[in-house]
């Protein structure tokens, strides 16, 4: 068994941010077609969803994708996308824990639960502009209507026998799942979307080339300023495997997702499609861990969406490296192929972390990317809670925007963090806390770490050094709890990523 990664994670250090290229110019990367997973086709189109729902939305509320309104000479941004696997693919998902779950979230979680650990899907339909959230039973029926239509189009022999909502609700079919993002409290314009589906599902329209994937990523966008898509390719055993990831998000970002078990808008959506031969149950466990340390560790504004969804598909179509040796198992499982699964899980986790960073960098009005690393806590959950509290503090975020090394705000937000219980009980010890600002990795200047608090005691701060450190777009904050009440037994750590609050955030959200 051997293993090699073909792509490495790059760093973008840019200072001062005012002199940088646009986010789209910096973060939209050319996709190498050879790194796209085998056995997937995508399509996208403009259905006019925003225009269709505009009469029932507030004129003062920016519709989803306000920042992406096309110039009169430009083609409108696509707002519906379809991803299709050539064979039924293993499926895994994590979903918002918001009580007001949107209709597509309810549909997906119900379908996956009914299908059990061997769930399979053929396609993912996604729309932007309307969240289909807080729309009651009618919202569920609208989702099912569109899912049924896509399923029928992908199975031409069944086009004359499309099941009714009641019939499909009794089945455990997960052939098609749907994701939605946009304005809350407004019904999907089903007719507008439905009339595009035959076009989207046409063999002549479904494509696998990079431009098609990029357009699909654009269809996911709401207040995003650039499409977010990355690929990874690696060899596992005798298979050359690939993963493509698409996600979106810029506002209403503070996910806390788990597996299935007013005029606000925006959300976090993501799809990761791989050709690796991974079973559904194993894929779910890999996705759970990847999301735990990536998407569940970011925040833009502290607001959890009704629609947050990450889906992962695995269709097993990865090509063999050695064509004379094709006896690789159909699907890898943790019990029978632990090395393969562990290496795949690391690739998925690394890609999820990279994709989650793109959401933070594209946060509404964001001018700073802030990493908060909390270490030497009692448990991971406690370190995560403290890092989250710091990252969501409006005062901390404003200080980062003002390039102010305000350790007091960091300390304050750490002190009121809501800590999960542990046995024995663990508490933060104020006399042990260290707060240090670190220079960004690969920065061109010879900068040293800047301690602002040591053992709970404020330090004299070199303001010139502080200003230089915080003038970077990327700011790194290290909070060492030195074990707290557990002393040397407190060794857990967590990393969170957030952005600053700028005047532009208020403008976008007004």
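Counting begins at 1 with the first residue displayed.
Including glycine, each Cβ sits where the backbone N, Cα and C put it.
The feature region 'Disordered' is assigned by Swiss-Prot to 57-76.
The compositional bias 'Polar residues' feature in Swiss-Prot is assigned to 57-70.
For 222, 248, 267, 364, the entry in Swiss-Prot reads substrate binding site, with the evidence type sequence analysis.
Sequence-distant contacts of residue 267 (substrate binding site), defined as residues of its own chain at least six apart whose C-beta falls under 8 angstroms from its C-beta, comprise 131, 181, 222, 248, 249, 252, 305, 306, 307, 308, 309. What Swiss-Prot records for 267 is active site, nucleophile, and it gives sequence analysis as the kind of evidence.
Sparsest Cβ environment among the binding-site residues 222, 248, 364 (other Cβ atoms counted within 10 Å): 364.
Of all residue pairs in 222, 248, 267, 364, the annotated binders of substrate, the farthest apart have Cα atoms separated by 12 Å.
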